[in-house]
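Feature list (source: TrEMBL):
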ACT_SITE  LYS11  active site
ACT_SITE  ASP138  active site
BINDING   PRO96, VAL97, ALA98, ALA99, GLY100, LEU101, ALA102, GLY103, GLY104, SER105, THR106  ATP binding site
DOMAIN    67-146  domain 'GHMP kinase N-terminal'
DOMAIN    203-277  domain 'GHMP kinase C-terminal'
Amino acid sequence: MNSIKLDAHAKINLTLDVTGKLDNGYHTVRMVMQSVGLHDNVTVEKTDDGQITLTCDRPYVPTDGRNLAVRAANAFFAHTGLVCPGLRIDICKRIPVAAGLAGGSTDAAAVLRALDTLFETNLGLDTLCEIGLTLGADVPYCLRGGTMLAEGIGEVLSPLPAAPHCLVVLCKPAFAVSTAAVYAQIDDHMPDVRPDTAGMCQALAQGDYNGVCHRLYNVMEAVTAVRHAEIGQIKDILLSCGADGAAMSGSGPTTFGLFHDPNKAQMAFNRLKAIFPDTHLTEIL
Ligand SMILES: C[C@@](CO)(OP(=O)(O)O)[C@H](O)COP(=O)(O)OP(=O)(O)OC[C@H]1O[C@@H](n2ccc(N)nc2=O)[C@H](O)[C@@H]1O
Ligand SMILES: Nc1ncnc2c1ncn2[C@@H]1O[C@H](COP(=O)(O)OP(=O)(O)O)[C@@H](O)[C@H]1O
């Protein structure tokens, strides 16, 4: 096999709490992560020119060594000691960028999975997660996907029962936020209200869709929504169209709503898309 094409799925955070800060500056978290249908297509092809080249259909995504997919390939060859014969990576980008949806992390995870298959290294998920963690805190989750409780800095993963199936409207306003900046800001402005992550895990165990929707909560929303009125505006539109629950994902600014009713989801999608072009209608995976 010379080439492999994988779907690299985005994630949303059903809950997100920051529980402490480590000496290296990273924060400990406790959050429920969920894969959604929205995905990039990542194609990895062996070549024989000794180079790692990357193409992407979005001009604002870096194509050099700053791209997490290229960094993932370099980390794979460093870990295995294999000599890279040359690689061509192509990313068809559908996931909004710098959006709190782990777009770069999921591309990196797809490259690690692709290389483990292409080079028949059989590293397995645990080792791929170790390599992934050197690239970013969200990469181990992206390798595993599904519904997970994430602790540590995001890499201590415990599988949870799959979330009840529903539609998801994702809306990214036309600005980006820096994950590092949001973590820095939360040190000074930790909200008093914290998510009920234990309750969220229980709602998932019981397949209680309303219980999931009522417990959506992200401590980072307080930080980001104060600076950007669009977060509140998007939530208001989602809820006024009949979303069963809504929250910001990750460090933002993407804000999402969960819907059982496809007509309400379509109405929310239409209204938001007219104001914020980077709006997507997808589903819980
Ligand atoms: C906030 C979350 C929630 O799922 O998602 P996104 O908003 O990125 O989607 C993650 O914790 C983001 O993980 P990820 O985007 O992989 O973070 P990294 O690249 O490892 O780190 C970027 C920067 O964020 C800060 N950081 C990240 C993770 C963490 N647990 N503590 C931190 O303090 C650090 O300042 C780090 O330099
Ligand atoms: N494969 C990639 N896809 C998207 N962004 C990438 C990628 N590799 C590196 N980046 C850089 O990472 C930054 C964060 O993007 P992204 O991973 O989409 O954000 P988030 O972690 O908030 O979901 C972007 O500003 C972009 O320049």
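Just so it is clear, glycine is given a Cβ too, placed from its N, Cα and C backbone atoms.
Annotated features taken from TrEMBL, shown on the structure.
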{"residue": "LYS11", "record": "active site", "DSSP (3 states)": "strand"}
{"residue": "PRO96", "record": "ATP binding site", "DSSP (3 states)": "coil"}
{"residue": "ALA102", "record": "ATP binding site", "DSSP (3 states)": "coil"}
{"residue": "ASP138", "record": "active site", "DSSP (3 states)": "coil"}
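Cβ proximity to the ATP site centre (mean Cβ of PRO96, VAL97, ALA98, ALA99, GLY100, LEU101, ALA102, GLY103, GLY104, SER105, THR106, cutoff 8 Å) flags the following additional same-chain residues: ALA10, ILE95, GLY250. A Cα-Cα distance of 6 Å separates ALA102 (ATP binding site) from LYS11 (active site). Of the recorded residues, LYS11 (active site) and THR106 (ATP binding site) place their C-alpha atoms 9 Å from one another. Taking Cβ-Cβ distances under 8 Å and a sequence separation of 6 or more, the neighbours of ALA98 (ATP binding site) in its chain are ALA176, VAL177, SER178. On the backbone, the CA of GLY100 (ATP binding site) and the CA of ASP138 (active site) stand 10 Å apart. Cβ neighbour count for LYS11 (active site): 27 (other Cβ atoms within 10 Å of its Cβ, all protein chains included). Across the structure, PRO96 (ATP binding site) and ASP138 (active site) are spaced 16 Å apart at their Cα atoms. The 6 Å Cβ screen around ligand 1 retains GLY100, ALA102, ASP138 from the recorded positions GLY100, ALA102, GLY104, THR106, ASP138, ordered by sequence position. Ligand 2 lies within reach of none of the recorded positions LYS11, PRO96, THR106, judged by a C-beta closer than 6 angstroms to any of its atoms.
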